[in-house]
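Reviewing the structure listed below.
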Amino acid sequence: MSTIPLRHSRRQWLPLFLLYLVSTLIILPAATLAADAGVKVSRFAHLPSKVSYFDDSSVVLYHDATAGVVYRSEDEGKTWSPVSGSSSGKAAMLVPHPYDKKQAFILSRELTHWRSTDRGKTWQEFLTPEPPATRAGPPMEFHADEKHWDWIIFTGKKCSMWTPWGGRICHDEAYYTTNAFATNPPRLLEFVMHCNWAKATPEMQTSTDALERIFCIAWEDAQEQRRSMVAGGTGGSTRLFQSDDFFKSRKMVELDMGRNARQFAGLGPSKRFLVTALRDSQGSSSKAGTEMALFVTKDGVKWEKAKFPHGSELRENAYTVVDSTSHSIMIDVVDSVYDNTGVLFTSDSTGTQFVESLRGTRRTPQGLVDFEHLVKIDGVGIANVQSEAEGGVRSMITFDDGSSWHTLKPPAEDDKGKRIDCDPSDAENCALHLWSVSGKTNVGKLFSSVAPGFVMGVGTIGKGLKNYDECDTFLSIDAGRTWKMVSRDAHKYEFGDQGSVLVMVDDEDVTDHVSYSTNFGKTWNKLSLGVTMRAKVLTTIPDSTSLKFLLVGSQTRKQAGGKDRNVVIFLDFAEMKKSKCRESDMEKWYVQAAAEGSCLMGHKQWYKRRKPDADCFIQDKFHDPEDKEDPCPCTDADYECDFGFVRDKQGECVATGNEHIPEGACAKPSDTYLGSSGYRKVPGNTCDAGKGIRKDEKTQKSCSGKNMPQKGSVLHKSFTFPSLVVDKMYFPESSSVLVQLADGTVFQSLNDGYSWKQLNGDGAPSSAEDRFLTMALHAYDPKRGYLITAGQRVYYTTNQGASWSWFSVPLPANGLGINILDFHPDRSDWLIWTGSRDCTFSTAKQCHAEAWYSVSNGAKWEKIDSYVRTCSWARDKKLKMDARAIFCESYQDKKGNQREFTAANRLELIRGDEFYRKRTRVFDAVVGFAVFEQYLVVAEYVTTSSAPGLQLHVSLNGRDFAPIHFPPGMQLGTRAYTVLDSVTDAIFLHFTTHSEAGSEWGTLLKSNSNGTFYTQSLDFVNRNDKGFVDFEKMMGLDGVAIVNVVSNPDDASVSRQKDLVTRITHNDGGRWKSLVPPSRDVYGQPYECNKVGCDLHLHGFTERDDPRDTYSSPSAVGLMMGVGNVGRKLAPYRDSDTFLTRDGGFSWEEVHKDAHKWEFGDQGSIIVLVNDEQATDSVLYSLNEGVTWESYTFGERMRISQIVTVPEDTHRRFILVGTPSGSATKSVAIYLDFSALESRKCVLNVAKPEADDFELWSPSEERAEQCLFGRQTYYYRRKRRADCYVGEKIVQPHSVSRNCSCTEADFECEFNHYRDAKGTCVLYPGVSPLSTDAASQCWAADSDGYWYERTNVRKIPYSWCTQGSRPDRGTRHVCSNNLRAHGFLWWFFVIGCAFGLAGLVGYWWAKKQSSRPGYGSSGRIRLPDASNRLYGRDSELVQNLASVPRFVLGAASAGFARFREIASDRIPFVRNRLDRSRGAYGGYRHLSTDEDAAMLPDFEEEEFER
């Protein structure tokens, strides 16, 4: 019975139990699904300067550089504690070992530092002889070989304290350790710039013999460097040294330049390569010595020079080694400094042959380039280019390592599924553009991570990139092929668990949550943080395999509520308790190129990746995803153009110049050689050529028809043009030449004239508007040229004619005699176009000129002004005006036919600032203006009571103008004038004094240094009826000029028959003298005229067919040639002979009878002559500067009009242009190649000059010492009988030995003075000398503390002479600013008062601070070493000083600079003191490189925004 109630009880509870069980089963999964990520907040006093994870571990370090403390977490940032040891308050730098996963270093600013070998758990103290140096790179360089990870190079900063006044000078010293600082490191090398191990990266295939090798950039002579640093200079040239025994012995790395391998600027690794940069003293361009050369090594033994396409200039601080691959180097070279754009080049697998990949890349002034490779994805990279679209920046993506580029395909819908109003097929107006490296707001890689295929970015859809706060956030899960918008507004983002978790946080405003997605961005959830903050950094472990993240942010005081304002939030998505993915949750994901399913870099790369909808986590922590590859057959897409080839319009790779023929090949035309096919496989491409096409295989080519002469012989080839040649244009430093024909066609040769092809726009000319009117070479950019048509289309090249494009202009070119194109000196894309409107018919009533400008190389135009005569950029190479200013000659009355305008319609000179938007009338009426070097000269039309006339003005800044003063009796009036030259800090001007037709001449005037006061240099200087003057400066030697003078002015004014004589100056017009004639002619016979007055006379500038022909050469220093005669006057041209000088015109010799045209080649080692009196079928050439001549016959007789070669005269190939006998309607070009006459390259050995092929030569005036312009300057020139060719451009001058003592040759007549018959400078009758300007002398940079009364002479502006005779100085007076002008008591009183006042102010400040509440409390900002110095760097006094407006400090700096100039010459100790207190590293330079490139990275610790 008792059991019945029990049974009944069970029956009652059973339903309840079942209900509970079912409820539990239902509730538990729901609870599991609802589980969210964990959030843990930690607070810190300051933001970190670095957050560093130990690879493949959960340990992370947080470096607070402000407090000098390093914190450590063992659980990926959940909990934190300061590291052990005594580094607290002293940690200035945290340096993880890049290869050893357990080592890290804490560096202080002093000598004591700390090392950990157990991921920061314990720290051991170690000492270094000097504190760390970060001037030229990181202070520690690590050996990359696993057996040598404890081998470290440490660079320290050594400073010397001296004098009671403080101050110091510093230099870098290198030390090394082979046991990770277990013992004190010994010194490696003193006075270094930077050192690297030969095994600098794990990828480098360093030879076994070079594993212990160290490379250092250092000064060859440490003592010389020490002396130069004390003197305030940069010292001797840096060189690259190597050592295999820690510099117990060392060897200079000569590369292939011998002892010219100097002035190294950088050294650093890039994946498989070690790269060094130095100044290229043996380049083939005219900029040799100013450009940089790159050398590359893969094994630490053999260095090879990197070769770039023609016209690519590597200037110091103007290139960046960017995020390269393991199989090639990518370098971005500055293309436009002011527009911050570059050209991206990619190398072959050797790292030496570079081809252009992308033009117009966006870069910052600091050298950061908007380019990044996607992590773990072969061949895919994203770059930004500058454009004229809205926003100005467009994003491009490559899927073949830069061989081709495409725009990013935008999504069709926004994050809410709403259709975006944009047509993706219109890539020009509808593309995705992303913020890149230059706008980086997070740490680590910008776009991608190890998570395969995942790419995120912040950007906009449209024509171009918008401001960051106008952007949205986008995601791609297929390596950039397609994109989707995942959120409005800009966000920071991070990837976790190989892409299973995506996290992003608002990057525009404060936020209290993050968003995350576990299904590849399909849906997003919010995770509350529990605090409101401004996100600074979002990061996770480097391999993105963890489910834990760190979010660093900062709060306002109100948000923090009195707590520390910087928060580190630990986000733990492992707490979501998702299951571990199984094999069925994974899929094979292929990296696809732009075309669906296609191969990428010659293979199909794939990863195992979680399926997008799989509800699991991979949870394979610390294990990077491994890629697999399926090989593909080679296709056209797997090849790119080889070095020296570019793609034409049909997409084929064609040679850009002379094709390289192997040395020794082509001994005769019937031979063959193996040459490039024009293609090479894209570096890193692994396609199977056996199963596809092979385009990179060397091909057998015939020597027949190749421009390769047989050894010891000359090669020629003729080409007949269909019309007469009327103009030519040779691109500097190239083999590209253009000729324009009379029929309006243009022909081009890319191989110095060996072969020619006609240039057409889009096929054959179809109308008269397609005729070419003229050619224009960019005045400042040697790579650019323009072909102007009769219509509104202009063809242009940016690569010296290798390829051509076109742009449209708003109006046809003007036919009003006005310059059509004007070029900006600094910004190659900035153009001014002057066209004509309504000028089609001669009877047009409103015909006028209009000027337009473009800042996009013709892509877009803006109107400047109408009815103008000239518009040009105000800025010039030496006239440093605002870059956007424009000068225009603009007519006052803007109506009517401009062709019929008279002086009644005034021509105003307008300066338009901000691209002519703000206009200022500079002069009411002008005749014209022109810029000459640093001088802007304006001819103003003035009307006086007597008669109208001209007044010249000059300006050095384009704003302030001063009238030009001529000698007495020389009033310009309406006389003609010609501004001739201004390269030697003075203007030469020809003032016409006799303008009768047939007997024109004038006076040659020369200005002072600011162009205002002119003195007579030479009278009766010849000119012609067009205003051209027989005046020519010698190229390569400053101050040497040749003129022709009318010797019979009285007779010539009546007979109009001028007798000309030649004069030369070697001191810039200070004195003129006759040309010393040779004693005998070319046959050794004496001249008929051999008495006093029998001089050498040469035909000058006014008689030349082509004004571009010159006496001298820019590269053959000291050489000049001319046609003339020995006698009492210049004989007719056909009665003249040919003469040569080797020493700048001091002595001459006759080299051939009869008049000849001439041209220099190979920097003067070859001279070519052709008869200029009659038709000829041969040329003469000399390989020994005219000692002997050889004749070469080229075939049919022709009347030669021109000898053409590259403008620098550095080639051994020439073009003869002429007309055949009996034909006056067609021109013929004869190609001549002399390169096989000499096979040995001249040797320049600085160490053993007696054993090389060059001699040092110094031009000399008529004085006891060898000086020119008061300076002894040495030039290299090939020995006259050396059997070799020069080759690369020699940097001239070689050296400046010293400044010479002043002599009479360094002075010229002062204003209002002239030279009388005795050569003495005398005052013009009835005038007064200029008054003395004492102030300008006393405040001049070279003032000696005195001012001097004027005399009858002045020092030639360009003379460098010092001391010696100074006839320009009269009575001496002490300057008022001279310290010697005051006595000892005066200076004692002034200095004492200053120190007393400073002491009172300091005492008052200290008392005030000590009485302030809270002074010295914990809230005060302290120095990193926690000191409490009142006048420390971060003291409140300094902070207040920092708030003073900059112009006040600028004024103080200017005053101090002025004081230094005075005091350094007055007080003995002040000179050295002021020179030495120039900061710790005055005189050193930084090499601008990419942050992500290993080559000299900026090793500042400011990785995070503060």
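Any Cβ shown, glycine's included, is placed from N, Cα and C.
Some features that Swiss-Prot has for this protein:
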type	residues	note
CARBOHYD	Asn1010	N-linked glycosylation site
CARBOHYD	Asn1299	N-linked glycosylation site
REPEAT	474-484	repeat 'BNR 4'
REPEAT	516-525	repeat 'BNR 5'
REPEAT	795-805	repeat 'BNR 6'
REPEAT	1181-1190	repeat 'BNR 7'
TOPO_DOM	1405-1506	topological domain 'Cytoplasmic'
I'd like the per-state residue tally for the repeat 'BNR 5' (516-525) from DSSP, helix first, then strand, then coil.
0 helix, 3 strand, 7 coil
Near Asn1010 (N-linked glycosylation site), which residues of its own chain have a C-beta under 8 A away, given they sit six or more steps off in sequence?
Val954, Leu956, Ala962
Using a Cβ cut-off under 8 Å, which residues of the same chain at least 6 positions beyond either end of the repeat 'BNR 7' (1181-1190) come close to it?
714, 1119, 1140, 1142, 1149, 1151-1152, 1164-1169, 1234, 1237-1238, 1280-1281, 1283
Checking distant contacts: for the repeat 'BNR 4' (474-484), what same-chain residues at least six beyond its ends satisfy Cβ-Cβ under 8 A?
374, 377, 380, 382, 397, 408-411, 413, 432, 434, 453-459, 499, 502, 520-521, 591-594, 612
Averaging the pLDDT values of the repeat 'BNR 5' (516-525) gives 93
Using a 10 Å radius on the Cβ of Asn1299 (N-linked glycosylation site), the other Cβ atoms enclosed count 17
What does DSSP give as the helix, strand and coil breakdown of the repeat 'BNR 7' (1181-1190)?
0 helix, 3 strand, 7 coil
Summary of DSSP states over the repeat 'BNR 4' (474-484), given as helix, strand and coil counts
0 helix, 4 strand, 7 coil
The repeat 'BNR 6' (795-805) resolves under DSSP into 0 helix, 4 strand, 7 coil
